[in-house]
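For reference, the structure is listed below as structure tokens.
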Amino acid sequence: LKCNKLIPIAYKTCPEGKNLCYKMMLASKKMVPVKRGCINVCPKNSALVKYVCCSTDRCN
């Protein structure tokens, strides 16, 4: 699985066991991504942070 880094023109290959790509955004009107990468379990959203997870190459 290949996941985008913070700047989507760059990506990395995920290590074994991390089979989801994620995008973390501050929960505001703009929803600008502040972090991207590989993860094994999609975190729950909170009042301040929203996560979007997916399982295909460079989907984040």
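From the backbone N, Cα and C atoms, a Cβ is placed for every residue, glycine too.
What you are looking at is a predicted structure, and each value in this text was computed from that prediction instead of being measured.
What Swiss-Prot says about this one:
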type     : residues    : note
DISULFID : Cys3-Cys21  : disulfide bond
DISULFID : Cys14-Cys38 : disulfide bond
DISULFID : Cys42-Cys53 : disulfide bond
DISULFID : Cys54-Cys59 : disulfide bond
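Overlay of Swiss-Prot annotations on the structure.
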residue: Cys3; record: disulfide bond; contacts (Cβ under 8 Å, 6+ apart): Tyr11, Lys12, Cys14, Cys21, Tyr22, Arg36, Gly37, Cys38, Asp57, Arg58, Cys59, Asn60
residue: Cys42; record: disulfide bond; contacts (Cβ under 8 Å, 6+ apart): Leu20, Tyr22, Tyr51, Cys53
residue: Cys54; record: disulfide bond; contacts (Cβ under 8 Å, 6+ apart): Leu20, Cys21, Tyr22, Asn60
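Once Cβ contacts within 10 Å are tallied over all protein chains shown, the disulfide-bonded residues Cys14, Cys53 are led by Cys14. Just so you know, the Cβ of Cys38 (disulfide bond) picks up 20 other Cβ atoms within 10 Å once every protein chain is counted.
Just so you know, of the disulfide-bonded residues Cys21, Cys59, the Cβ with the fewest other Cβ atoms around it within 10 Å is the one at Cys59. According to its DSSP assignment, Cys42 (disulfide bond) is coil.
Under the three-state DSSP scheme, Cys14 (disulfide bond) falls in the coil class.
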